[in-house]
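Peer 1: I'd like to ask some things about the structure below.
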Amino acid sequence: MTLTTGSDAARARRDATPQGEPRRVGGRGRGRAIEALWGYAFIAPTGIGLAVFYLWPILQTAYFSMTEWGFFGGHTWTGFDNYTRLLRDPEAGQALINTLGYTALGLVAIPLAIVFAALLNQKGLRGVGVYRTLFFLPVVTMPVAVAMVWRWLYNGDYGLINYVLSLAGVEGPSWVADPATALYALAVVGIWSSLGYNLIIFLAGMQAIPREYYEAAQIDGAGRITQFFRVTLPLLSPTAFFVSVISVIGSLQLFDLVYAMAGSGLTARANPAFPRLQTVVHLFYDRAFVTNDRGYAAAIVVMLFLLIIAMTAVQFRLQRRWVHYA
Amino acid sequence: MRRSARFGAALLGVVLGVPACSGGEGPGGAQDRITLSYAVWDNNQKPVMEELGREFTRTHPNVTINVQFAPWTDYWTKLRAAAGGGAAPDVFWMNGPNFRLYASNGMIRPLEEEIVRDRVDLSVYPRPLVDLYTLGGEHFGLPKDMDTIGVWYNKTLFDARGVAYPANDWTWADFQTAAARLTDPARGVYGTAAMLGGFQEYQYNTIAQAGGYVISPDGGKSGYDDPKTIAGLRFWTDLIKAGRSPDLVTMTDTLPLQLFEAGKVAMYWGGSWNVAEFSANEYTRDRVDVAPLPRGERQATIIHGVANVVSARTEHSEQAWQFVKFLGSERAAGILGRRGPIPAYTGTQGSWVSAHPEFRLRTFVDAVAYGVPYPVSVNTAAWNEAELTYLARAWTGEVPVEKAATDLAAAMNALLSKE
């Protein structure tokens, strides 16, 4: 901020210079260079941090994805071997399918969050603070704690969910151990945990919509439902776009929930539903830290990185069709 | 964003600052006094290890032992990073699955010369444990402790069904009969639980009892396509099929150990390490006892133990060896047995056995006589993963056990050929 105001001020001063006065061209050039230098100095802490902790590791990972690692460091160049292996690895294929499935299911969280946000945004609603806190609680709870509680809820024999179902005479499955239900069970937890965060963003988006639009709609005879669909939703679309980009990226990187719910490390594979729960990042973890196959693990994350870029680019292209900027 | 950047900058400062600071304490400060770092992964044993460190200092006044604890989940990640960077602790705990990885990559020091020079008698340790830490004819560590497997059983459930407690010389057939009679679907009680995720307590034992093998002695070939090995696996899948054990889905939701501690499973194959848990648990304390594993074609139990090893890059190799030698001594074993796992030194297990007279703990010590070494290769973890991936399909009944096992053998052989 300081930089832009600084240069604006400089421009303003410059414009104020009377036409006839001779310009000190060289001097202003030096001033600019110094100004730029200061600019770089100010962004240096962030820039260096970003370069050292983000950009450099990304480049390194890309390089390592074309090598094979020794157990204690040291690597040999193998070209595209890891990538050809990745394309033929059925486990990687399944992990990708699972991850995409989870991502698609995760998008359900968006309409859900909008509905809850609309309900919480009503004028004169009592105890809004309490509701907001309740919805936001899962966001601030540790994912591992969340997973443990849900694991218990999902337990086939002793879980609360199946107990409630048994009252209605239904025998529920072992939710996270049954290949048919595991991914859905996981997605429910994911949606539940992210609901609060999305909701807060949507609430903020709704409160930024000017009152006048609603008043105008009312005068035109629109009821509350019509107002929601014709005023709120279109004006909320930029927020929805932001949330969908963030949530797709988050879903593609899913790890902790699987790690905590399927069973950690090797023991996860004793879960018969594990082939349906394995995500790309979880596979990366297994290769990098369990089976000592780090070059291959690097190839997995490079592919994931490219996939995330591609999916985000697609979303940016598609936004033209549905996002309205007021 | 802004905060994370500031944090990044701060972190950077720390990273850059560290070498500058540590450069100050050069070799000038080091006189005759040295400190050996000793890494362990069991917090419960840390006090005993510190006590042993102080004992050692008594006879070696210029050496101080600094016990460094890292929880199991971080231990190997940390150790590998440290070893790769040449900064491993001077002395540390080693287990079977990781040993060859460290030994074959020159990360730990062969102790052959010292053992010969100081005339250390290796016959005081169970043979399978000494062999576990031998590579290319060289010894790399001295065994610290050991564990064997037994059948923990719930006496209350045996009494309720009028089944006699297991005899010391019982067989697979006896076990299967007992499992059948103890199973009580009306009360949700199973005779046993054919756990998948615990090969050390389950599959490896029955494979050895059936006369099969997991990996060839030279570590080059998988034994999973051997008919006898498959018989050792079928022992468990048959129990599931007959309903004597919960199915895999049930055991995933509620672990066999939890089922056993809730009185839902009558016989649980467990290790000597379960003593601490079962004596602390109010339900199991008075209800359970332990019997030897039943005999198949032969009698067998997996024996495994931790060893103390010396880093290859230590600057104090002589003192580190002296410490390892002390840890492997009869005196150290006596101290360990009172407060920790079973000491590996033969004849020092009395204090461990008498610590819990409510259980027949002698069973675990007697089992050493027919102990079979824990199967390992260089990259053990790679095929440990394959074991679970392939056998899970047999455990659910999705694929016949013969097919799952032969598929596993092929996958495991492919992994072994890369070592």
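Backbone N, Cα and C atoms are what each Cβ position is placed from, and that goes for glycine too.
Heads up, TrEMBL stuff is auto-annotated, nobody curated it.
Keep in mind the model is a prediction, meaning the values are calculated, not measured.
In case it's useful when we look at the structure, here is the feature table from TrEMBL:
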type	residues	note
COMPBIAS	A:10-24	compositional bias 'Basic and acidic residues'
DOMAIN	A:96-315	domain 'ABC transmembrane type-1'
REGION	A:1-27	region 'Disordered'
TRANSMEM	A:37-56	transmembrane segment
TRANSMEM	A:100-121	transmembrane segment
TRANSMEM	A:133-153	transmembrane segment
TRANSMEM	A:182-204	transmembrane segment
TRANSMEM	A:233-255	transmembrane segment
TRANSMEM	A:295-314	transmembrane segment
Peer 1: Using Cβ atoms only, state whether the transmembrane segment (A:182-204) and the transmembrane segment (A:37-56) have three or more pairs under 8 Å that are 6 or more apart in sequence.
Peer 2: no
Peer 1: If you count Cβ pairs under 8 Å, which stretch among A:37-56, A:233-255, A:295-314 touches the transmembrane segment (A:100-121) the most?
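Peer 2: If we count Cβ pairs closer than 8 Å to the transmembrane segment (A:100-121), A:233-255 scores highest.
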Peer 1: State the non-local partners of the transmembrane segment (A:233-255) in its own chain: residues 6+ outside its ends, Cβ under 8 Å from one of its Cβ atoms.
Peer 2: 99, 102-103, 106-107, 109-110, 113-114, 190, 194, 198, 201-202, 204-206, 209, 213, 279-282, 285, 304, 307-308, 311-312, 315-316, 319, 322-326
Peer 1: What else in the chain is close to the transmembrane segment (A:295-314), if you only count residues 6 or more beyond its ends and a Cβ gap under 8 Å?
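Peer 2: Residues packing against the transmembrane segment (A:295-314) from afar: 58, 61-62, 64-69, 75, 78, 82-83, 85-86, 92, 245, 248-249, 252-253, 280-281, 283-285, 287-288.
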